[in-house]
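Feature annotations, reproduced from TrEMBL:
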type: BINDING; residues: ARG5, PHE6, ALA7, PRO8, SER9, GLU41, TYR176, ARG194; note: L-glutamate binding site
type: BINDING; residues: CYS95, CYS97, TYR116, CYS120; note: Zn(2+) binding site
type: BINDING; residues: LYS235; note: ATP binding site
type: DOMAIN; residues: 5-241; note: domain 'Glutamyl/glutaminyl-tRNA synthetase class Ib catalytic'
type: REGION; residues: 108-134; note: region 'Disordered'
type: MOTIF; residues: 8-18; note: motif ''HIGH' region'
type: MOTIF; residues: 232-236; note: motif ''KMSKS' region'
Amino acid sequence: MGAGRFAPSPSGELHLGNLRTAILAWLFARSTGRDFLLRVEDLDRARAGAEEVQLRDLEAVGLSWDGIVERQTERTAGYDRALEQLRADGLLYECFCTRRDIADAPRAPHAAPGAYPGTCRDLTEGERARRRSERPAALRLRSAVDELTVADALAGDYTGVVDDFVIRRNDGVPAYNFAVVVDDDLQGIDQVVRGDDLLSSTPRQAHLAALLGAQLPGYAHVPLVLNPMGKRLAKRDGAVTLGDLSTGFAADGNQYDAVAPAAVRDVLLASLGLPAGPLEQALEVFEPAALPREPWIFDSPSTHWDSSTGTTPRHA
Ligand code: GLU
């Protein structure tokens, strides 16, 4: 039996988009008889107390998970081993570039936008020694390909850039693309369901998995929740977290009462074409092929929660 997972970054409260993706990851895992694991991606952007609130909110919408919650900061032995393997295979090189260096570097006319231009790939040992005294090095992967096609349950075959991406940042922290591949492998995760903002990173991750001899997971990248301007939903878009909604919110000149987590869950399920009620009921009719392939636009809480869903607007 394999496992699926949800891997939030504890940078703040989960918003409706994160909760919707978490519900989908749970539905994909449970509907295929997999375990469902939670991994807190706290190598970067961790805010004190955020993890606790995130776990509480996931439980409040009805998610359950297997085993203990893993934290990336407690998984360094796995990263060290994988890094040594790549080093021994001659697949790493030191990179001294700043962001500015990368932006200003000359590029071949056919170079993919956003790809590392290869500036430090072939430095001489003397040059490396000199640069080390100026700036700590990041470690990059010596990628063997420029692009790769991955199969995605929702997006179909997706071809994207594989460049010499960063494995370990120059502050010594394992880079996201590296940590996620090592963790998924060591945790036995064979199903990756996440927001489609990460689809473009997937060819890099799949290439790295192959180099590490890791099993390639099945991928399903789910459409995001957008605000009415078509931008990815964010906390600044207003009452978009369970915390905000549970204290009531102001909109259209009205003050609305608290929205319960179950009412939030039901609106998220409806946005996926799934029936209201406990997630176990949605599970019975869950069918990946029937999922919407377009982003869900979340306009304003007052469109979704009013007196008819147990939330009564009251005048401010
Ligand atoms: N931690 C990442 C995020 O919150 C997700 C990583 C993943 O699912 O691979 O965006």
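Placed from the backbone N, Cα and C atoms, the Cβ positions cover glycine too.
The 6 Å Cβ screen around ligand 1 retains ARG194 from the binding-site residues ARG5, PHE6, CYS95, CYS120, ARG194, LYS235, ordered by sequence position. Apart from the site residues CYS95, CYS97, TYR116, CYS120, the chain places the Cβ of PHE96, ASP101, ILE102, PRO117, GLY118, THR119, ARG121, ALA138, ARG140, ASP164 no farther than 8 Å from the centroid of the site's Cβ atoms, the recorded Zn(2+) location. Ranked by Cα separation from CYS120 (Zn(2+) binding site), the binding-site residues PHE6, PRO8, GLU41, ARG194, LYS235 are led by GLU41. Remote same-chain partners of the motif ''KMSKS' region' (232-236), defined as residues 6 or more beyond its termini with a Cβ less than 8 Å from a stretch Cβ, comprise 12-13, 15-17, 197, 224-226, 298. Of all the binding-site residues listed here (ARG5, ARG194, LYS235), the one with the fewest other CB atoms within 10 A of its own CB is LYS235. DSSP classifies CYS97 (Zn(2+) binding site) as coil under the three-state reduction. Here the region 'Disordered' (108-134) has, by DSSP, the following mix of helix, strand and coil residues: 8 helix, 0 strand, 19 coil. With ARG5 (L-glutamate binding site) as the anchor, the candidate binding-site residues are CYS95, CYS97, TYR116, and the one with the nearest CA is TYR116. Other residues of the same chain near the L-glutamate site, with their Cβ within 8 Å of the Cβ centroid of ARG5, PHE6, ALA7, PRO8, SER9, GLU41, TYR176, ARG194, are ARG39, VAL40, VAL180. When the alpha carbons of ALA7 (L-glutamate binding site) and the residue listed as 'ATP binding site' are compared, the span between them is 18 angstrom.
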